[in-house]
Amino acid sequence: MAVKTYQAGVTQYRQSYWQPDYVPLDTDILACFKITPQPGVDREEAAAAVAAESSCGTWTTVWTDLLTDLDYYKGRAYRLEDVPGDDTCYYAFIAYPIDLFEEGSVVNVFTSLVGNVFGFKAVRALRLEDLRFPIAYVKTCGGPPHGIQVERDRLNKYGRPMLGCTIKPKLGLSAKNYGRACYEALRGGLDFTKDDENINSQPFMRWRDRFDFVMEAVQKAEQETGERKGHYLNVTAPTPEEMYKRAEHAKEIGAPIIMHDYLAGGLCANAGLANWCRDNGILLHIHRAMHAVIDRNPHHGIHFRVLTKILRLSGGDHLHTGTVVGKLEGDRASTLGWIDLLRESFVPEDRSRGIFFDQDWGSMPGCFAVASGGIHVWHMPALVTIFGDDSVLQFGGGTLGHPWGNAAGAHANRVALEACVQARAEGRQLEKEGKDILTAAAAHSPELKIAMETWKEIKFEFEAVDQLAIANK
């Protein structure tokens, strides 16, 4: 066994952290970074620097390296790839030994992989494109409190996407008027109504008043329709203690589901709330407020597919994913990729959808994908095609903006959805025949007919800022 000796000084990162012959272990956490290096910094050195700074390295040699097995604990940059169509940056693949990270702590994973290294001067920009979590790590995480099948069984809703609605205006309503808006939408045919992400406990509507009036609305709508209903009560709060206080009250008044802003509220708070929901039989809806600050820049930040994986590990039964056809960012191929990462047990590498690694989730339950943001009845055929059954299609303005009111807007959406589900069962192509399908349904539904007339010219056709960088789309 060679004797280790200490030599003070500064060495190139590539001497220790660039290892092109390394074969990743099944237990390694793998990362794909998009690196834009500073001028004069070669690719291998920049990749090795990222591997070092995101694992156990620092800028100089230290004598305490002799007290550990650095070769075991270090991150290893093992492969570089060009980014198709962009010669200013490249992909670097880095492997991290599983023992670098606390079991079941996505907080700890992020502290290393997207911590100080993102301010490192050797790189001009840095983006975490994807992560592969080994099954050995997945098994240490709590995951969704309940998952898709448990939620369907509890609500007795099968064979179709579920319908939701974010109450508008998002701010300013009194608690009683807010509850009334919920009731009208639920009795009209929706499965859920929802707090907007920035509704917490403001002077115009304190959280306890909102919870009480909303649950009165939910229970009344259930009695009238004979269907299970719910409202996503946002328990996001200034402190964890206050968050749990709100969650406990939601449980006391019979709420089947609560809501959390997992990025703004924090991953630590989210994991704790997911555990509470699992223990108390409450479903957990997750909003992604703040994600675009992190993921929209194609050269710097964290891709949303990573945030999707982190949420599934941290815990949530629903996650907002964008719509493709609505007002929010997200191209179709990428969105289909992260929808699968939310729901499937195993997702293979697929560069055409931006997935860089195989991801095995084992027996971890999946999450409902939530489509929300600028959608209306004309989008229904595309939404059913893109998102499939295990999704929640949320029409805020597309419900409450109906000329005849909330109940009519909800009814229009329900008729449109059921028409699309029936047409799909008949083997029809929804996106090609969508207009005919909706027009036929509208002949028997004046609510749908008016909705189609109201929003027939409304489209959100903007090119995505963050596009897939693949050789053959």
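Numbers here mean position along the shown chain, with the first residue as 1.
Including glycine, each Cβ sits where the backbone N, Cα and C put it.
Here Thr166 (substrate binding site) comes close to Thr193, Lys194, Asp195, Asp196, Ser372, Gln394, Gly396: these same-chain residues lie at least six apart in sequence, with C-beta atoms under 8 angstroms from its C-beta. Marked as substrate binding site by Swiss-Prot: Asn116, Thr166, Lys170, Arg288, His320, Ser372.
Residues or ranges marked as active site, proton acceptor by Swiss-Prot: Lys168 (among others). Under the DSSP three-state reduction, Lys168 (active site, proton acceptor) is assigned to coil, being neither helix nor strand. All protein chains included, Lys168 (active site, proton acceptor) registers 16 other Cβ atoms within 10 Å of its own Cβ.
Under the three-state DSSP scheme, Lys194 (Mg(2+) binding site) falls in the strand class. Per Swiss-Prot, the feature Mg(2+) binding site maps to Lys194, Asp196, Glu197.
What Swiss-Prot lists as N6-carboxylysine is Lys194, and the listing cites sequence analysis. Counting every protein chain shown, the Cβ of Lys194 (Mg(2+) binding site) has 28 other Cβ atoms within 10 Å.
According to its DSSP assignment, His287 (active site, proton acceptor) is in a strand. Annotation source Swiss-Prot lists active site, proton acceptor at His287 (among others), citing sequence analysis.
Annotation source Swiss-Prot lists site 'Transition state stabilizer' at Lys327, citing sequence analysis.
When secondary structure is read from DSSP and collapsed to three states, Ser372 (substrate binding site) falls in the strand class. Candidate recorded positions: Lys170, His287, Arg288, His320. Fewest other C-beta atoms within 10 angstroms, Lys170. Across the fold, the C-alpha of His287 (active site, proton acceptor) and the C-alpha of Lys168 (active site, proton acceptor) stand 16 Å from each other. A separation of roughly 8 Å, to the nearest angstrom, links the Cα atoms of Glu197 (Mg(2+) binding site) and Arg288 (substrate binding site). Residue pair Lys168 (active site, proton acceptor) / His320 (substrate binding site) shows a Cα separation of 18 Å.
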